[in-house]
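Here's the structure we're looking at; comments come further down.
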Amino acid sequence: MAAVTLLALGNGAPDVFASLHAVRTGHYRTGFSAILSAGTFVSAFVVGFVAIYAAPFGVKPAPFIRDVLFYLTGALFLFYVYLSGEIFVWQAVGFVAFYIFFVGFVFWMDYGTEREEEKPILQKEMVSEDRHLLDKNFDVERGMKAEKKAFEIAGVYEMISKAWEVPITFLLKLTIPQTSPSEWNRFYLSANIALCPLALLYVCNSYMPFDHPIVFLLHNTHFPLWFVVLFSSVSLAVLHFILEKEPPKNEQIPVVIIAFVMSVFWISAIAGELLNCLAALGSLLKLPRALLGLTVLAWGNSVGDLVADIAVAKAGHPAMAMAGCFAGPMFNMLVGLGSALVMQTANVYPEAYKLDFHIGIIVAFVFLLLSLMGSLLVITWSRFRVPRFWGFCLVGLYIVFTLVSLIIAKFSG
């Protein structure tokens, strides 16, 4: 449940908000391209690398078939809607509802099998722990020299990373409350009280102007909205800094909620700026937005999945890495793109929101469906064991997809 809800939201937040910004600003083609290409990248390139590194390994039949079939069904539904050239509000709501149904289905399956698997898992963990201890004692001497070199390299890397992380971390601490009582800081919490309302006002700028005149304190005197909010929040922050001197004893739910909302704000803001940078890059290089969505945006948002899933596979859990390659992209497509389409179709309700045909998006659909159907057929045929040759096939499929997308962008624009 955590994997298909909170974990999917955390990993898919950049894709979700990039799609929202793209569709809301009228560049739905970029949103479609980014979501579809990111899905192809994960289901072909990432799955391929996991298979190349760790194959052969087995996957659980029921969860694997469930995840791939749901993702495949959602992609086919979206493909049908795109080919029709228009989308109604009920269809957009259907994407989000389909993912909610998937979450409920996962809960039903896991709840039914959890008790049956509890004892075998306990026994396997005991055996694997014994083997791990034997392997650890055997390799301890051989790993000492390698660890020294690794620590030296890690130290240099840590110094470089901290040099650019310090200002970013400072900015984030000013606007995102620390939820743990051990990390409580009176200055940062006061800064949160002063700056968070202003940041949220910036998000709502499209609904209410930032400089909307408001009568405040003085009769017949108008102050801009941002000044009124800043004055009120700074006053509360100063009062908090003077009166509050002890950290809370445990985590407070309101603080956790505010931290989550502000984290979403930063992801949303960065996604919007990323799209603006893509638009500028496309104008300078005279490249179409769809191509940038298929390449730069998709790679940037999905490289975390590549690193994380390969790390999980290296840690000895390739089946877990394989499972993570389907639920995340499905969340991005159904909830991310679906939410953006719900907003756009609601604006033109009861009319349909028009979708223009573009061959590049059709190609992205075709390659995404090929990777999903291919994995379903090959792994099922191999009795739910992932063969290494299929990893090479998937990586090759993604390379072909990238080349075809570049050729289409070159000749069709």
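Going from the start of the chain as shown, residues are counted 1 onward.
Any Cβ shown, glycine's included, is placed from N, Cα and C.
Over in TrEMBL, the protein carries these features:
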| type | residues | note |
| --- | --- | --- |
| DOMAIN | 2-108 | domain 'Sodium/calcium exchanger membrane region' |
| TRANSMEM | 34-55 | transmembrane segment |
| TRANSMEM | 64-82 | transmembrane segment |
| TRANSMEM | 88-109 | transmembrane segment |
| TRANSMEM | 187-203 | transmembrane segment |
| TRANSMEM | 223-243 | transmembrane segment |
| TRANSMEM | 255-281 | transmembrane segment |
| DOMAIN | 257-406 | domain 'Sodium/calcium exchanger membrane region' |
| TRANSMEM | 287-308 | transmembrane segment |
| TRANSMEM | 320-345 | transmembrane segment |
| TRANSMEM | 357-382 | transmembrane segment |
| TRANSMEM | 389-409 | transmembrane segment |
By a Cβ-Cβ criterion of under 8 Å, what residues six or more beyond either terminus of the transmembrane segment (389-409) are in contact with it?
37, 40-41, 43-45, 47-53, 55, 287-288, 290-291, 294-295, 359-360, 363-364, 367, 370-371, 374-375, 378-379, 382
Tally Cβ pairs under 8 Å between the transmembrane segment (320-345) and each listed stretch (34-55, 88-109, 187-203, 357-382), then give the stretch with the top tally.
88-109
Result, the transmembrane segment (357-382) in contact with the transmembrane segment (34-55) (3+ CB pairs under 8 Å):
yes
DSSP-wise, what's the residue breakdown of the domain 'Sodium/calcium exchanger membrane region' (257-406) into helix, strand and coil?
128 helix, 4 strand, 18 coil
